[in-house]
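A.B. asks: The structure under discussion is supplied below as structure tokens; questions concerning it will follow.
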Amino acid sequence: MANKHLSLSLFLVLLGLSASLASGQVLFQGFNWESWKHNGGWYNFLMGKVDDIAAAGITHVWLPPASQSVAEQGYMPGRLYDLDASKYGNKAQLKSLIGALHGKGVKAIADIVINHRTAEHKDGRGIYCIFEGVTPDARLDWGPHMICRDDRPYADGTGNPDTGADFGAAPDIDHLNLRVQKELAEWLNWLKADIGFDGWRFDFAKGYSADVAKIYIDRSEPSFAVAEIWTSLAYGGDGKPNLNQDQHRQELVNWVDKVGGKGPATTFDFTTKGILNVAVEGELWRLRGTDGKAPGMIGWWPAKAVTFVDNHDTGSTQHMWPFPSDRVMQGYAYILTHPGTPCIFYDHFFDWGLKEEIDRLVSVRTGA
């Protein structure tokens, strides 16, 4: 993969910037959109990468959704306790992988998909809205009354209104239902106690309110949590982001504030992602906001911002919002020498031949 290398002078400038950064967390996304296809299972394959991940100074690894899902990638889950039906591997392999990470002092982050859920059976209307928990005590055996009342055609009108954005491909779960709250919190605690996960990445977190997210974070007490709140930036007539993205980053700040700013909750800094995509194309002036600070969430609340260059949605084979491929190392030079918790993407680290360059930047950041 073609890549534009940093000049020595730019690297030295960035080295100077990094001097003010204290050692801290570095997140690693340990999969891409195609990882489920790997022969022999992704969990087993990733086991062979643990030493390299740990040696790079990475502190947390974000793993793919672990539950049974009608979509191979895991983002359409149904039987939440069933970890043996995952395309990435089985429950025993997952526990072995997490054990290997823990053995190197690296924490494991689960991809939590709770905005929506796929049903096993149809009700009397012929609608798939009867959920199977595969537990001996009927936990997660839900019906249409556990679906948001405004989520047609799945709902039967007895649930509470949705507290966030609609997800059209599957029933939106009613997170104001007390039984739903209780049983999902129990499942999260099971993922911690029995499987070994340390924290959560909340998928499609804009699908339910920050108050709802707070319930699950408070009841499961993860050491780290990060939310995906992906909304559109403000764009000008030239099709590029406006210089002022205060409204966009304020939404991220508000979410963390409502969940509890003193707790473990963070959000992916999509504001910085969008601005950086354009800035590296010869418009570095965009990296200074209207207030003279960094223009993303890291300019306002860096301790709660997780920066990234690409992920399984924006990059990989989906290419929903890809970073310029020939300037990826410029992106890493920025996020690894600026405040916030940087997230390194598997593809860039292992598949694009950028491991050594990223390693060096992480070493600069952590003082290793």
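Residue positions begin at 1 at the first shown residue.
Using the three backbone atoms N, Cα and C, a Cβ is placed for every residue, glycine included.
Dumping what Swiss-Prot says about this protein:
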type	residues	note
SIGNAL	1-24	signal peptide
BINDING	75-76, 201-206, Trp230, Ser232, Gln250, Asp257, Lys293, 299-301, His312, Gln318	substrate binding site
BINDING	Asn115, Asp162, Ala165, Asp172, Gly207	Ca(2+) 1 binding site
BINDING	Asp151, Asp166, Phe167, Ala170, Asp172	Ca(2+) 3 binding site
ACT_SITE	Asp203	active site, nucleophile
ACT_SITE	Glu228	active site, proton donor
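Help me picture these features in the structure, burial and contacts included.
C.D. replies: Packing around Asp203 (active site, nucleophile) is summarised by its Cβ count: 20 other Cβ atoms lie within 10 angstroms of its Cβ, all protein chains included. For the recorded site, Asp203 (active site, nucleophile), the DSSP three-state label reads coil.
On its own chain, Asn115 (Ca(2+) 1 binding site) has Gly164, Phe167, Asp172, Ile173, Asp203, Phe204, Ala205, Gly207, Tyr208 as residues at least 6 apart in sequence with a Cβ closer than 8 Å to its own Cβ. Classification of Asn115 (Ca(2+) 1 binding site) by DSSP places it in coil, neither helical nor stranded.
Its Cβ placed at the centre, Phe167 (Ca(2+) 3 binding site) has 21 other Cβ atoms within 10 Å.
Under 8 Å, Cβ to Cβ, and six or more positions away along its own chain, Glu228 (active site, proton donor) finds Arg201, Phe202, Asp203, Phe204, Ala205, Lys206, Thr267, Phe268.
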A.B. asks: Of the binding-site residues Asp151, Asp162, Ala165, Asp166, Ala170, which sits closest to Lys293 (substrate binding site) by Cα distance?
C.D. replies: Ala165
A.B. asks: At the level of the C-alpha atoms, what whole-angstrom distance separates Asp166 (Ca(2+) 3 binding site) and Tyr75 (substrate binding site)?
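C.D. replies: That separation, Cα to Cα, works out to 15 Å.
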A.B. asks: Between Ala170 (Ca(2+) 3 binding site) and Asp162 (Ca(2+) 1 binding site), how far is it from one CA atom to the other, in Å?
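C.D. replies: That comes out at 13 Å between the alpha carbons.
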A.B. asks: Same chain, not part of Asn115, Asp162, Ala165, Asp172, Gly207: whose C-beta falls within 8 angstroms of the C-beta centre of the Ca(2+) 1 site? Give them in sequence order.
C.D. replies: His116, Cys148, Asp151, Thr163, Gly164, Asp166, Phe167, Ile173, Phe204, Lys206, Tyr208
A.B. asks: List the binding-site residues among Tyr75, Asp151, Trp301 whose C-alpha is within 10 Å of the C-alpha of Asp162 (Ca(2+) 1 binding site), in sequence order, or say none.
C.D. replies: Asp151
